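Feature annotation from TrEMBL assigns domain 'Phosphoribulokinase/uridine kinase' to 85-240. According to TrEMBL, the ATP binding site annotation covers Gly90, Ser91, Val92, Ala93, Val94, Gly95, Lys96, Ser97.
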Amino acid sequence: MSINISPYMKFERPEWAMLRDSVPMTLTQDELASLQGINENLSLDEVIDIYLPLSRLINYYISANISRQLVLSKFLGKSQKTPYIIGIAGSVAVGKSTTARVMQALLTRWPEHRKVALVTTDGFLYPNKVLQERGIMNKKGFPQSYDTKKLLQFVSDIKSGKPKVLAPVYSHLEYDIIPDESIVIDNPDIVILEGLNVLQGTVNYSQQENRVFVSDYVDFSIYVDADIDLLHHWYVNRFLKFRAGAFSDPTSYFHNYSKLSEDEAMKVANTIWKEINERNLMENVLPTRERANLILSKGEEHRVNCVYLRK
Ligand SMILES: Nc1ncnc2c1ncn2[C@@H]1O[C@H](COP(=O)(O)OP(=O)(O)OP(=O)(O)O)[C@@H](O)[C@H]1O
Ligand SMILES: CC(C)(CO)[C@@H](O)C(=O)NCCC(=O)O
């Protein structure tokens, strides 16, 4: 007899898709079409079968959280409102930012019309200048390439209900932090925090310091998962897309690659994947998967085949 000790309930795609049924779909065809503006390759079946049930589930959790805050407000005798933080983790190129933007659109459009802010932890990478000084330019995305203290301060400020919190900005095209630019997180109901490292702990913590995790501040976490060969393929495709898009833009980091032939560019992308992103995945990202409340397991064409939900 085998003992099932997994903390997750497993749903095959059709089973999961049925879970949106008890609530009528609140999106019109037009709204669904506008969601495709997020990503031209996003299929509407994916939104309906996977992301609608997910937003329904999260909506329930948020309502329960609001009730819990009311209890605390009664107990303390003062109003207690803090944003609900949803974390989205997973490999480079798995589709975290696409998932985050779809969830933002769906949670905003839900009848409660909650205000949903989106933040990527890319903004908390050290600028290239610092990475170069430290000799870790080829470790971008690894735990040591992030200003984790700044990120922890950021999530802590959000969670303490501070009305306006600033998030720094990273540009994929410039391949660097944009100096003096930030986005203002202004009193949201929900914050979606997306990045490789949202389920990771602090680095270089000393014994005197308490061990704090970004995920301590996250109310619901999602890990987007896919086989390594698919991730590799998606990474190379996106690299080639960036390269094509950056052709005419001499300020873009990818402009350098535009001089290479397609074959040579593919070789560069393969090397960056193997040497940096795949290593980071195996050493630092994948080991955090089982900390997530929910795992979206993707196959070919970014199609979610199966969903795991923590019991
Ligand atoms: N649901 C989807 N359907 C089709 N294509 C998708 C989907 N999600 C992501 N993609 C494609 O996969 C690639 C990676 O997606 P995305 O940029 O969202 O990944 P990411 O995990 O945020 O990456 P990074 O960690 O580098 O920021 C992109 O080319 C994107 O167009
Ligand atoms: C910015 C990160 C770390 C995460 O989004 C990633 O997209 C990245 O740039 N990794 C470094 C190696 C590379 O892909 O160029």
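Note that the numbers count up from 1, one per residue, in the order the chain is shown.
In case you wondered, yes, glycine gets a Cβ from its N, Cα and C as well.
Checking the binding-site residues Gly90, Ser91, Val94, Gly95 against ligand 2 with a 6 Å cutoff on the Cβ atom leaves no residue at all. In the predicted structure, the domain 'Phosphoribulokinase/uridine kinase' (85-240) carries a mean pLDDT of 91. Same-chain residues that are not part of Gly90, Ser91, Val92, Ala93, Val94, Gly95, Lys96, Ser97 yet have a Cβ within 8 Å of the Cβ center of the ATP site turn out to be Leu196, Val224, Leu231, Trp234. Summary: among the binding-site residues (Gly90, Gly95), the fewest other C-beta atoms within 10 A of the C-beta are counted at Gly95. DSSP assigns Gly95 (ATP binding site) to coil, not to a helix or a strand. In sequence order, Ile88, Ala89, Gly90, Thr120, Glu194, Gly195, Leu196, Val224 constitute the residues six or more apart from Lys96 (ATP binding site) in its chain with CB-CB distances below 8 Å. Taking the binding-site residues Val92, Ala93, Val94 in turn and counting surrounding C-beta atoms within 10 angstroms, the largest count is reached at Val94.
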